[in-house]
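Peer 1: Here's a structure for you.
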Amino acid sequence: MPPLFQALTTALFFCGIASNPLFQPSLVMDMAKVLLDNYCFPENLVGMQETIEQAVKGGEILHISDPDTLANVFTSGVQGYLNDPRLVVSYEPNYSGPQTEQSLELTPEQLKFLINHSVKYDILPGNIGYLRIDFIIGQDVVQKVGPHLVNNIWKKLMPTSALILDLRYSTQGEVSGIPFVVSYLCDSEIHIDSIYNRPSNTTTDLWTLPELMGERYGKVKDVVVLTSKYTKGVAEDASYILKHMNRAIVVGEKTAGGSLDTQKIKIGQSDFYITVPVSRSLSPLTGQSWEVSGVSPCVVVNAKDALDKAQAILAVRSSVTHVLHQLCDILANNYAFSERIPTLLQHLPNLDYSTVISEEDIAAKLNYELQSLTEDPRLVLKSKTDTLVMPGDSIQAENIPEDEAMLQALVNTVFKVSILPGNIGYLRFDQFADVSVIAKLAPFIVNTVWEPITITENLIIDLRYNVGGSSTAVPLLLSYFLDPETKIHLFTLHNRQQNSTDEVYSHPKVLGKPYGSKKGVYVLTSHQTATAAEEFAYLMQSLSRATIIGEITSGNLMHSKVFPFDGTQLSVTVPIINFIDSNGDYWLGGGVVPDAIVLADEALDKAKEIIAFHPSIFPLVKGTGHLLEVHYAIPEVAYKVSSVLQNKWSEGGYRSVVDLESLASLLTSEMQENSGDHRLHVFYSDTEPEILEDQPPKIPSPEELNYIIDALFKIEVLPGNVGYLRFDMMADTEIIKAIGPQLVSLVWNKLVETNSLIIDMRYNTGGYSTAIPIFCSYFFDPEPLQHLYTVYDRSTSTGKDIWTLPEVFGERYGSTKDIYILTSHMTGSAAEVFTRSLKDLNRATLIGEPTSGVSLSVGMYKVGDSNLYVTIPNQVVISSVTGKVWSVSGVEPHVIIQANEAMNIAHRIIKLRTKIPTVIQTAAKLVADNYAFADTGANVASKFIALVDKIDYKMIKSEVELAEKINDDLQSLSKDFHLKAVYIPENSKDRIPGVVPMQIPSPELFEELIKFSFHTDVFEKNIGYIRFDMFADSDLLNQVSDLLVEHVWKKVVDQDALIIDMRFNIGGPTSSIPIFCSYFFDEGTPVLLDKIYSRTSNAMTDIWTLPDLVGKTFGSKKPLIILTSSLTEGAAEEFVYIMKRLGRAYVVGEVTSGGCHPPQTYHVDDTHLYLTIPTSRSASAEPGESWEGKGVLPDLEISSETALLKAKEILESQLEGRR
């Protein structure tokens, strides 16, 4: 029994009253029928009627005497199950039913009165239109009162800048009125809603209207819809549509969650009625409905405050344009990255600001876009101006007293100097002064502050309490920590406001003795360290001159400026200065990140600890380099990297190192970067790592043998007699020798008779390399032995050649059957060497991911007496084919694909390769049977078939590659580039020449096509000129002969001489050549133009001039010149050849391309391969004089660019001579 009626009968049971029975079983059945026929969610009522019948027959429903109680019970039951509060059962013996439409029909005057009292409008401050609608009228009423609404209300709202649509009091309306409300605010013909009506079982789609009375408000101006908890029905639907079309911002309360259409329907013949929603809305915009749940506003406020809130939102939105204008101006005039400004100015105004409802939204939107476009964290837009705590104005020189005692006292106050144990200098000052002040105080500073610390070995500069100040003294202070002999570039400042770029260098001369560039300097920082103090710390770090210790600095630079926006609480911080360090890196704000991050209070102790550690760095760097020189497999690389490491130390590159872990990280990075070998690695370990020494392999017992074989090897014979072998570790050669007979019996013998073999190495991470020759030997013949690779061992400085073995257990797979190896990023070490060996020797096709690039042998060595260890590959593998060291980056497969797709690709390639011999046979037969020159075709076919056993075809991986290979071989054998093989995928078969017929234009298009395709002219001396760049089929030509004569031929036929320009003619069908040639001979005298031999029909065809032509002929007497070029091809060459051979035309230009008669295209078996074969040839020429493949030699060979001028010159001379 469905839960609805379980709930209903249970309620009836507990409310049952034995006396005065009111309930009749038919009442429930009648109610069910009403719901089934009218409820707008019929799918929720499946099985209801049958359940009721069973409940009634079973006596589960008792009698209730009170009708109101019974109505409440029914209401509770249907609402509880269907979760629909709109379903209400009532007992109303005096209900007379709804009035008929006729009784509700109103006069025009009554309609206007109704409209005037249900629609109100106003123009609010800020040119905001206000329209309140309490009843959405239907289509019929709109037709009657529409002009009145437009003229008296809408036209007055149209000039407003924004519109508030107030639906807070709209509780009723007609569905047919929804498109009218929405259409005035949106574009035409947009699908806005779908309404299902249950009584008629129909769905009606609502669209915005294509035409309206009056103008549309448009989709640009802002619209705000006001709602309340009383907004109901049709008004809810309109609100929902406008919200989800992003056309309006909904402000107010969540709506009632009513219905588009509810009806109170009588239940049977009783006095009970049920209110049922008979229609439902399903939005095409969201796929959901607002019914029951209501429309949630974009901005939630009390209904009484909604209008004020809407006006506030519109005020903010109206400011967007003003804010954008100000922002663009500020950026254009101030942003330091001037090259990024055009993109910003173009992008920002075109963003979608439809969701902006507050200044916070404007700030968030614009800030996100600014960050995305510029990637500049300094460029920040905020909704409230945060007051930055900036240092006070720096002391200026004019404010400094002249009294020496007071100057000395000032220096003593500002600077704190002491000498710490270990000859460590300590200097603290809490503000940067202007360089003019430093100049005035310099003698006192040098004597009192600087001279005592110049004799120290290391110096701690305490900036933890330094709030910055003027940065003009920073270059001077930096100069004290550099060598004075060299002018060093410190940084570059680009000031956008001043449009200046300053290169700042160290001072060559300073007062007093410089500290120099070799001693240790340690700068202490805190969150308070700001402006000039940050610049100093940043530059000391970027110049590799100091180790920074403490907290990340404040990020309070003087490179940016805050610009407020007029009339708002918004402001934008714009970097007006770009600070570029000596490495060319831009400092994009943010605090300076210390090399050692500790709490400010702990920074001094940490500095002392690092000072004690730093002397040990160079021995460790040198020791690491020495280990490389001794053990790394490639000596020349080892010496280079060792030198780089030591040079970096001498240049201060290790000052950022603060402990052994950071030293290990930096050494690893430097070694890998400079060697290109990712296997070099330095690491820190408190305890000495266990170094596994080579142990003699344990030979498994017979009991262990089966387990090992099952664990390491997985085999299967796949459909098509394809073997599959997976093994996940390379075992030692001694184990292989010991278990060889069992391995052959249990594994190998099941695979050796397969036609091809897939070896799955995707999960093989390596193992012992000693077994590689054994495994490889199974895939080569016993003789000759194959040189697989050479292993060079640095520890012994010897190379060992690795060869296949003359004898193996069991039968070999041989050297001819295909092998496919599947790889992944996990494939490593010995598995890589096995894989690469077979790839180098073209013995296998590799499919999958590039392998990991793990070394065959890696030694681990301790660096001095420290806790640092370095792993160094001490063997390299040298290719037997190229003689070069194998790359350390791993093996790249022939077919790179994700590892999980490798098996599918392997099957696809296997299937293709099984077809290759048949494809070759088919292609050869097509050439032999159809090639225009029979002897050549037979010779090419014979040689082509012999190529099938070549390695090139055995390594084909795709039909594309096969097509390219066949094409190259056929053209190489035939010396005919018109004999082609192409790959044409399924989705491109509409482009197959000679297979898919060309689309013939409609007759209506022919006239324009002819005018476009033919170019005619008449030069001086009555010389005609005609050019066309392609020959048409004779059938097509016959269809348009009248048009050709009218629009082309008549313009040149009566001239005294004619130039036919074939320089750009690429050929086409040859069937129209007799027609064209006939116009240049005399009528009534047939002329044999050519003999054409067709190989497909093995017949010779004589080509004659035609007796009947449309229009008059040019005749055989008037001079005719044909222009040619190296582009002239195919049918154009045949025409030129005929006219020259018969002496009818004089040919001027270049030798033609040497094409052929139009070839035929043949499909090769069930592949996507097609052969294009020349099947016809001209047979009139003497042997060896045909134009096919050689071209037509002109009578006058000159450049095609000058051919026309030369032709005109020749014809003018001839015509002049005749006169």
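Placed from the backbone N, Cα and C atoms, the Cβ positions cover glycine too.
Below, the features straight out of Swiss-Prot:
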{"type": "SIGNAL", "residues": "1-22", "note": "signal peptide"}
{"type": "CARBOHYD", "residues": "Asn94", "note": "N-linked glycosylation site"}
{"type": "CARBOHYD", "residues": "Asn116", "note": "N-linked glycosylation site"}
{"type": "REPEAT", "residues": "127-301", "note": "repeat '1'"}
{"type": "REGION", "residues": "127-1198", "note": "region '4 X approximate tandem repeats'"}
{"type": "CARBOHYD", "residues": "Asn201", "note": "N-linked glycosylation site"}
{"type": "CARBOHYD", "residues": "Asn499", "note": "N-linked glycosylation site"}
{"type": "REPEAT", "residues": "721-897", "note": "repeat '3'"}
Peer 1: Please identify, from the glycosylation sites Asn94, Asn201, Asn499, the residue with the sparsest Cβ neighbourhood, meaning fewest other Cβ atoms within 10 angstroms.
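Peer 2: If we count Cβ atoms within 10 Å for the glycosylation sites Asn94, Asn201, Asn499, the smallest count is at Asn94.
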Peer 1: Pop the Cα-Cα gap between Asn201 (N-linked glycosylation site) and Asn499 (N-linked glycosylation site) into the table, whole Å please.
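Peer 2: Distance (Cα to Cα, whole Å): 74 Å.
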Peer 1: If I take the alpha carbons of Asn201 (N-linked glycosylation site) and Asn94 (N-linked glycosylation site), what is the distance between them in whole Å?
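Peer 2: That separation, Cα to Cα, works out to 31 Å.
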Peer 1: On the three-state reduction of DSSP, what should I expect for Asn499 (N-linked glycosylation site)?
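Peer 2: It is coil.
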Peer 1: Would you mind pulling the DSSP three-state label for Asn94 (N-linked glycosylation site)?
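Peer 2: Going by the DSSP assignment, Asn94 (N-linked glycosylation site) belongs to neither helix nor strand, so it counts as coil.
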